[in-house]
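Worksheet for the structure shown next.
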Amino acid sequence: MADYAGEHGLMARRFRIAHVARCLILAASFGATCAADAALPRPDPDGLLIAVYKDLAASRLQDAMAKANALVKAYPNFQLGHLIRGDLLLMQTRKVERLGAVDGAPPDALDNLREEAAARLKALYERPNPDAVPRAVLQLRRDQKNVLVVDASRSRLYVYENRGGELHFARDFYISQGKLGVDKRKEGDGKTPLGVYYITSRLAGARLPDFYGTGALPISYPNEWDRLHGRDGYGIWLHGTPASNYSRPPLSSDGCVVLTNPDLNQLYASVEVGKTPVVISRQMQFVSRKQLATERDAFAAVIEKWRGDVESLDAQRLRGNYSSSFRSDHGEDADAWLSRFGQDLLRRPGAVKLTVRDMSLFLYPGQDNLMVATFTQDAAIGKFRRSTRRRQYWAREGASWKIVSESAWQS
């Protein structure tokens with residue numbers, strides 16, 4: 001028995017994948033979580049994966065096998081789980097030096113599963129500090145319950161809840177993205193867009209082909225900024241996976257964000273159509289609440305200056321907020337736009353009272369020094385009243401912020 005244990009302990013120590021060393025550094029901190037997860041009727045697959053690697057590092061082959069068995073029992077269509085379990089079985093007869101040592105398997109399929117394993121484990125050891133917040137989400141409207149933040153570099157979707165104006169981490173999910181990565185430019189390019197979007201509808205799985213899993217959440221791509229820059233395409237969804245697969249490789253969609261069906265079901269129940277923002281980034285930066293508040297307050301002051309310039313009835317002051325490169329969502333320059341939407345107020349007699357409410361603020365992913373603000377503008381001149389919903393894209397030009405695009409609609 002001693003020889004058996006020694007031989008197979010050596011095999012276990014030789015079992016590695018690209019990021020396993022870093023995963024083991026975290027194993028101690030995740031150990032309690034993984035043990036708790038393993039006892040649940042529906043264990044967390046990522047938690048069990050890190051627990052398996054922890055056991056392998058400690059030469060606990062039988063414990064690793066028990067967790068792998070629990071994984072495939074809970075998720076019988078989880079191909080990565082079956083691959084790891086197969087490797088553990090092989091360790092009982094021969095040396096296994098890398099993930100996916102099974103003979104005769106298609107190389108592409110094995111590479112996809114190795115990439116998925118690496119992405120899942122990377123997300124665990126690069127997990128954001130729970131006290132940090134995504135820098136791109138400066139402010140949500142009071143009635144926006146949550147925001148979905150996609151970090152393509154980590155193959156992860158993070159859900160943050162809005163509690164009294166403060167962001168709080170709720171949960172996160174493994175995701176697949178476009179087969180050619182991110183920064184979508186044109187239809188059919190196999191990329192996932194970068195930007196700030198909104199959930200536009202819910203599509204029940206019963207009305208969709210099995211390919212989309214248990215449902216879909218379409219988003220508002222292309223948005224105003226995309227259209228202004230000639231980006232096209234359509235049908236970018238958050239959706240599930242076919243019944244035969246638990247998950248898909250990290251780079252495998254035609255541009256959609258793909259989740260497992262259990263994870264998609266959680267999102268499906270919690271998002272609000274027309275309200276829930278979806279922020280898709282190449283690599284999200286997470287910062288302290290103090291830093292976020294400082295940046296939020298600085299940009300809120302920019303909006304306040306714009307509000308004051310409108311209220312001043314000074315056309316030149318108002319025009320000074322708009323870039324010489326400004327284009328509206330219909331292609332108008334600043335002068336044409338203001339003559340249609342801005343100076344209507346300036347032509348009316350009497351003092352203008354302008355208030356701004358229900359504002360959201362985002363740093364725009366994939367762009368340097370670009371902000372997007374969406375708010376309701378309430379204007380009052382004597383008995384005249386008008387409420388207008390506005391979306392403004394602000395870019396830094398030198399030391400100043402200028403509006404480079406704007407759209408407006410009656411609220």
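Even glycines carry a Cβ here, placed using N, Cα and C.
Noted in TrEMBL for the protein shown:
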- HIS239: active site, proton donor/acceptor (ACT_SITE)
- CYS256: active site, nucleophile (ACT_SITE)
- 146-281: domain 'L,D-TPase catalytic' (DOMAIN)
- 1-38: signal peptide (SIGNAL)
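The Cβ neighbour count for HIS239 (active site, proton donor/acceptor), using a 10 Å radius and every protein chain shown, is 24.
Its own atom aside, the Cβ of CYS256 (active site, nucleophile) has 23 Cβ atoms within 10 angstroms in the protein chains shown. Geometry remark: the residue listed as 'active site, proton donor/acceptor' versus CYS256 (active site, nucleophile), CA distance 7 Å. Mapped onto DSSP classes, the domain 'L,D-TPase catalytic' (146-281) shows 24 helix, 53 strand, 59 coil.
Mean model confidence of the domain 'L,D-TPase catalytic' (146-281) amounts to 97 (pLDDT, 0 to 100 scale).
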